[in-house]
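Visitor: Quick one: structure below, then a few questions.
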Amino acid sequence: MSERPAVAIIMGSQSDWETMKNAADTLDALDIDYEARIVSAHRTPDRMYDFAKGARDEGFKVIIAGAGGAAHLPGMVAALTPLPVFGVPVQSKTMSGMDSLYSIVQMPAGIPVGTLAIGRAGAINAALLAAAVLALSDEDLADRLDAYRADHTASVAEYPIDEAR
Ligand code: RP5
């Protein structure tokens, strides 16, 4: 039997996938298995409860949860599982994601959600944080993460160029 993925990427809606796919692409680049699921706190609360309660037994080690608007998914899931939860505020149309950010970031003491930036940057960094957590007990992954970071550094030119030319 093949091992279950270590990372779960969950999101409140299909419409969040455009953002959360950036997390998936980053995990792909690091050769980390993941499973992506739509789990809505308010539209599929039973699915959310079952997922969160069973996540550790399913073999997941880290959960990346993206949601927008009244984004209670990451906090609700964090309340139901001991696994680390990284929350990604999805950029909403009405408030540009500030509603999502505030909904996720201000958890009362006792139930943490590691909150990332709004949108694409947050999704990518959530994946990199998940990788860093998993790399603590996986030397091969630690090497891949070092290489990824070295590539990132190498991609930055020392001098700016005039792109209009
Ligand atoms: C939230 O409502 C989702 O996380 C999504 O960001 C937002 C809008 O959802 P849709 O109306 O596009 O399904 O639950």
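Using N, Cα and C of the backbone, Cβ positions are placed for all residues, glycine too.
Dumping what TrEMBL says about this protein:
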- 5-156: domain 'PurE' (DOMAIN)
- Ser13, Asp16, Arg43: substrate binding site (BINDING)
Visitor: Could you tell me which of these binding-site residues, Ser13, Asp16, Arg43, has the greatest number of Cβ atoms within 10 Å of its own Cβ?
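Guide: That would be Asp16, with the most Cβ atoms nearby.
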Visitor: When DSSP states are folded down to helix, strand and coil, where does Arg43 (substrate binding site) land?
Guide: coil
Visitor: On the 0 to 100 pLDDT scale, where does the domain 'PurE' (5-156) sit on average?
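Guide: Its mean pLDDT is 98.
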Visitor: Filter the candidate list Ser13, Asp16, Arg43 of binding-site residues, keeping only entries whose CB is under 6 Å from an atom of ligand 1.
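Guide: Close enough to ligand 1 are Ser13, Asp16.
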Visitor: Under a three-state reduction of DSSP output, how is Asp16 (substrate binding site) classified: helix, strand, or coil?
Guide: helix
Visitor: Determine which residues of this chain, when Ser13, Asp16, Arg43 are set aside, have a Cβ within 8 Å of the centroid of the substrate site's Cβ atoms, and list them as they appear in the sequence.
Guide: Met11, Gly12, Gln14, Ser15, Ile38, Ser40, Ala67, Gly68
